[in-house]
Structure formats: structure tokens, C-alpha cells
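Quick look at what Swiss-Prot annotates:
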| type | residues | note |
| --- | --- | --- |
| REPEAT | 129-212 | repeat 'Solcar 1' |
| REPEAT | 222-307 | repeat 'Solcar 2' |
| REPEAT | 336-421 | repeat 'Solcar 3' |
| TRANSMEM | 132-152 | transmembrane segment |
| TRANSMEM | 187-207 | transmembrane segment |
| TRANSMEM | 228-248 | transmembrane segment |
| TRANSMEM | 283-303 | transmembrane segment |
| TRANSMEM | 342-362 | transmembrane segment |
| TRANSMEM | 390-410 | transmembrane segment |
Amino acid sequence: MRGLDRWIAEAIRSESLDHNGQIICGGLFLEESLPSSSVSFLSSKDCSVNSCRFSQKSSFLKFRRRNGTREPLFLSVSLSINESNGEEEEGEGYNGQNGFKSEKGSVLIGGGQESKEKRRVKENGAGALNTTKHLWAGAFAAMVSRTCIAPLERMKLEYIVRGEQGNLLELIQRIATNEGIRGFWKGNLVNILRTAPFKSINFYAYDTYRGQLLKLSGNEETTNFERFVAGAAAGVTASLLCLPLDTIRTVMVAPGGEALGGVVGAFRHMIQTEGFFSLYKGLVPSLVSMAPSGAVFYGVYDILKSAYLHTPEGKKRLEHMKQEGEELNAFDQLELGPMRTLLYGAIAGACSEAATYPFEVVRRRLQMQSHAKRLSAVATCVKIIEQGGVPALYAGLIPSLLQVLPSAAISYFVYEFMKVVLKVESSA
């Protein structure tokens, strides 16, 4: 068995270390039968002879042969390092040849690559879990917000699909008389089935795109342009994946939709009568509307949030959150606080809805067209203006805003709250 001094000397020569400036911080007693290829040599590139010294305390771990085997006996030695001031500290590990840091008191023996692989698998698993929690936070936000504002959503659709021009109170009375209270939640299940995955993907895509843009730019904070680009990309991504459910919901709410037999019946009817691509009616105006809608919605919210967090009050709140940490309840862990989160969410939603509402009207009309009488998006827009003038493009804007204000406020609040509860790690 080789002595430690001989092993260190050979290791120094093999590592081409500077004797005047570097020192070996670990070693192994090895039997001759154990090949050197199975050992990852540990050295400290940051510890010099002048500034560090070995502690008198060293930890030893002895590995014995298994019964009935002839595996070599070897002994690992872990040496800790002290600063030049003489205070003893335990070593936190040293950089091995495999490129990552070993744990304190450990020596890498033929398992460097395996440990690296285990760490990679662990990181991938943690990333997948974080993504799942992120998606659930967005989905739960959509379910809560849509259920709360389902009656307003129903009235908005009545204005768009039927071209209602009457008094809002008269519309409420008619729905209550003909369909009862449950009529205000008509189509809410399919609405949740549509909006839950939509908002889930939308929120997650925005945070992901924003984080990637931040990494590419190398800035400390996301710029307003990056926020708008990330929001637009998130809107397009969610629209491409979720438009079919939105089309089915619109058909169910339209006159005669009750006879189709629910979501499955409406889906089967559209496939049989108009083909699969009928589920993507209004795709172009949907993409055209969702790109600016997502840009405005997420951009405005993030701009307001960033502006507040740079104020003295915002900085003080962040500092307080950092000091208290997990001792704060979930509401107090919201960076903006409950009320400001609701307010900024409502403002962002109102700005987004007002900016893109005409595209929404055109898209709904396209979804209602039969295959034989289908018009292009431009032709549909022209027809709407011819029949009711430019104000027709904003038909139902008031009930829509009444629906969007609480919806956006609740949605953003629940989303931020669930991220705290589920301990979602930020992408940016």
C-alpha cells in the first residue's frame, strides 16, 4: 500500500500544480490492485500555502472487503482547511476532475460520472415538478375566476352572437325567466375546460419566454419590449393549442346549441358536418387578437409591478419579505400584496380588452358561420361595419369590461397566490 506522502507527490506531478502557490487538500491510501483510473483526484485550486493550512482534525472512513470477495481494501482520507487566521473550518468540498464540487468530507471514487448523472436526473425531475406546479397555478386561477364571472361572460356572448342592442337589465331578466338562475352559468363547464388549459399555458409560456429573453439579453431586469414580446408569444402559443374548445363553447351557447348534446355532441357534430378544421374557425383573427392582447395584458401588469417594486415602499416590502421569509403567511408573501395584485390585474385586463375587442367580435362571428356561407376575416369585418357601423365592432364592450375587470383581477391574484402556496420557482 502506498504512503500518503508518496501519493500526494505523484498527484502533484500529474496535476502540474505550482508548489509555491497550490496545495493538495485530499488524498487516498490505495492498494496496488486498485487501478488509478477509478479515482477522481481532488485538489483545491483556490487554496494557497501562504493563506491556508491543514487542520489537525482529519476525518477517516474505512471500507472493508465484503465477505467472500477479494475486492481491494482501501481507506479514504478527508482533510479540512483553515483560514490563515487560525480559525478551524470544515472544508466545503473541492473541485474534482469531473468538473463539479464534491461534498465536504467525501472523496470521489470511480463514481464521478454516476454522481453527475444522478444530479442531472434530480435536476430534471425538480424542473418537471416545478413546471407541473406552474401549470396547475394557472389552471386553478382560471377555474376560480371564470366561475365567479360566468354570468357576465354569458351576457357578453349574448351581445356578440345575437347582436343584442337592448337594455342590459332586460337581457338579465330574459335569461332568468327563460332559463332560470342556472342559465347564467350555461356553458361554464366547457368554458372552464377551455380557459383552464388556456390560462395555464398562457401564464407558464409568458414566464418561460420572459425568462429566456432575459437570459439572452444578459440584463439584470426584463425590459418593457421583452415583456411585450413574451406576452404576444404566450398569447399565440395558448391560442394554437386551445382554440378548438373555444369554438365548441361558442357553438353550444348559440341558438340551437342545446340540441347538440353537450361538449362531446358538439364536437362530433362539427367534425361530421364541417370537418376537423372547422374547430379552427377564426384562427387568423384569434392569433391577431391574442398576440396584442397577451402583450398588453402581461406587459401592463409587469410594468406596473416593476414600477412599484422600485419605489421606496416596494423596496421596503421586498426587504421585509426577505427578512421574514417563510414566517409570513401566503398573502403577505405576495410581492405586491393582495389589494395591489387585484388592482394591477384589473387594470391590465381592462387595457388588454379595450385594445383588442374588435378582433374578438370578428372571431366570434367567424365561428358562427356555416361552411357554405363562410367569409374571410376581412369580409366579415366589413359586413359587421356595414350592418351596424364601427360601434358594432364594440358591441358588448361594457358587459365585457364588467366581466374582464373582476376576471383579470381574480385570475392574477389566484395565480400569484397559488405560486406562493405551491412554491413555484420563478423562470426569470
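Each residue's number is its place along the chain shown, starting with 1.
Glycine residues also receive a Cβ, built from the backbone N, Cα and C atoms like all the rest.
Counting same-chain residues at least six beyond the ends of the transmembrane segment (228-248), those with a Cβ under 8 angstroms from any Cβ of the stretch are 190, 193-194, 197-199, 201-203, 205-206, 209-210, 213, 222, 263, 266-267, 270, 278-283, 286-287, 290-299, 367. When Cβ-Cβ distances below 8 Å are used as the criterion, the transmembrane segment (283-303) is approached by residues 202, 206, 210, 222, 224, 227-236, 238-240, 243, 246, 344-345, 347-349, 351-353, 355-356, 359-360, 362-363, 366, 377, 408, 412 of the same chain, each at least six residues removed from its ends. Sequence-distant residue pairs (6 or more apart) of the transmembrane segment (187-207) and the transmembrane segment (342-362) include fewer than 3 whose Cβ atoms are under 8 Å, leaving the two stretches without contact.
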